[in-house]
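What follows is one structure encoded as structure tokens, with my remarks underneath.
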Amino acid sequence: MTAREFNFDGLVGPSHNYAGLSFGNVASFSNVRSASNPKQAALQGLAKMRALAQRGFAQALLPPQSRPNFRLLRKIGFTGTDAQVLEKAYREAPVILACAYSASAMWTANAATVSPSADTHDSRVHFTPANLNNKLHRADEHPQSERTLRAIFKDDKYFSVHPALPGTPAFGDEGAANHTRFAATHGSKGVEFFVYGRVEFDPSAPSPKKYPARQTFEASAAIARLHGLDPLRTVYASQSPDVIDQGVFHNDVIAVGSANVLFYHECAFANEAVALADLRNGLSTVNAELVPVRVPVADVTVADAVASYLFNSQLLLKDTGKMALVIPQECHENAAVAKYLDGMVASGGPIDELLHFDLRQSMRNGGGPACLRLRVVLTDEEAQAMHQGVIMTDDLYHKLVAWVEKHYRDTIEPKDLADPQLAIECQTALDDLTKILNLPGLYDL
Ligand SMILES: N=C(N)NCCC[C@H](NC(=O)CCC(=O)O)C(=O)O
């Protein structure tokens, strides 16, 4: 079966700001309370989407979520008109107000875990929105993620959208940031690889000491069950707790895979040899062979990987059979990483091209190219069956640039979150967006 991998990038929302909300995510903490530029953030993301679409890669987008999250603010006791709710929240609980305003749904790798139809028991594409329950500002994304996915992937002949897992620490789920699919080609049967940071019901299992492990084994196993994955083609690996404590808050900060290639740092997994052997075994059942590209600590330290986001890159399979690596420009600014990449591209290995983008606005919150996209492998028939209004074209790109120019601010500082006008601007923008994307009723406003 032929299939293509669509990248659904998150369209950055109009309230993008730096609130330091993600303990364990070094960039988020170091840029706390600095001024953001939502307009630039959205345009940077759109430029990446357009460039990749122009290169012939299948590119689509997921719309931002409605902010501020008045439902959250009212649920915790802020009452009155919208303006009064904002004013009281700013005075009494500014950090919670920032949570209600976070544009974090832009990192769509955390929107859901997706299993292509070639892997599932009923040959439909399965989606489970991530509950993201480790962080207040993200824990309420899943109802809208589910609604959005249902709006785009409506036809239940082809698609199955599950509700998020129970929102409790035992089922901490961060979506595709901890999930990778390997296969000989996108359309063939594959191996789904789940990397978890801790095991809720096994206190002897490795877990970090300083920063939280956001993904549990129990959550990964539940998703494999829900999606009806074949146990012979499902592999679990424990993330190294030491790297979590060095700022690797998701596995996609230290490893990325696509088709049969795994590009990873030697310190990524608690037991590298077992993880690779299990992947090889799984792939042997579908006559595919793993091609690992292992980056040794002698070339790139974990600190350099975290600072440059080398592994938070996209591996895109080209018609030539080789891969392009989509990296943030920070990789060129880090001497060790730049040197490594030059050598890698020249080595004759599976990755023969680098595509770099300026995603600085997102990077300052710890979101690189891979965070900004959710991969959905679709056959031609499935691609036809999904909502077409979110597919990136030149026409849509120009419409969205004009929309951003019209509705987005150039700056948001912490004090701006108290401004009731900002809330109105955000809502007006999204209302307009539903028309551009032809998704009426997308938001439960
Ligand atoms: N690795 C992947 N797939 N995603 C990156 C998500 C970054 C996000 N940052 C934030 O949520 C920062 C928000 C703030 O501090 O304002 C997070 O930590 O969940």
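A Cβ is built for glycine as well, from the same backbone N, Cα and C atoms used for every other residue.
Noted in TrEMBL for the protein shown:
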BINDING   19-28, Asn110, 137-138, Arg214, Asp252, Asn365  substrate binding site
ACT_SITE  Glu174  active site
ACT_SITE  His250  active site
ACT_SITE  Cys371  active site, nucleophile
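Here the Cβ of the residue listed as 'active site, nucleophile' has 27 other Cβ atoms within 10 Å, regardless of which shown protein chain they belong to.
The local packing around Ala27 (substrate binding site), expressed as other Cβ atoms within 10 Å of its Cβ over all shown chains, amounts to 21. The least crowded of the binding-site residues Ala19, Leu21, judged by other CB atoms within 10 A of its own CB, is Leu21.
Taking the Cα of Phe23 (substrate binding site) as the reference point, the closest of the active-site residues Glu174, His250, Cys371 is His250. DSSP assigns Asn25 (substrate binding site) to coil in the three-state reduction, placing it in neither a helix nor a strand. Taking the Cα atom of each, Asn25 (substrate binding site) and Glu174 (active site) are about 14 angstrom apart. Counting only the Cα atoms, the space from His250 (active site) to Arg138 (substrate binding site) is about 14 angstrom. Taken in sequence order, the recorded positions Phe23, Asn25, His250, Cys371 that lie near ligand 1, meaning a CB under 6 Å from one of its atoms, are Asn25, His250, Cys371.
Counting neighbouring Cβ atoms within 10 Å of each of the recorded positions (Arg138, His250), the lowest count belongs to Arg138. Taking every protein chain shown into account, Asn25, Asn110 are the binding-site residues, and of these the Cβ with the most other Cβ atoms within 10 Å belongs to Asn110. DSSP classifies Glu174 (active site) as coil under the three-state reduction. In terms of Cα distance, the binding-site residues that sit within 10 Å of the residue listed as 'active site, nucleophile' are Asn110, Asp252, chosen from Ala19, Leu21, Ala27, Asn110, Arg138, Asp252. Of the recorded residues, Leu21 (substrate binding site) and Glu174 (active site) place their C-alpha atoms 16 Å from one another.
For the recorded site, the residue listed as 'active site, nucleophile', the DSSP three-state label reads coil. Annotated pair Ala19 (substrate binding site) and Glu174 (active site), C-alpha to C-alpha distance, rounded: 20 Å.
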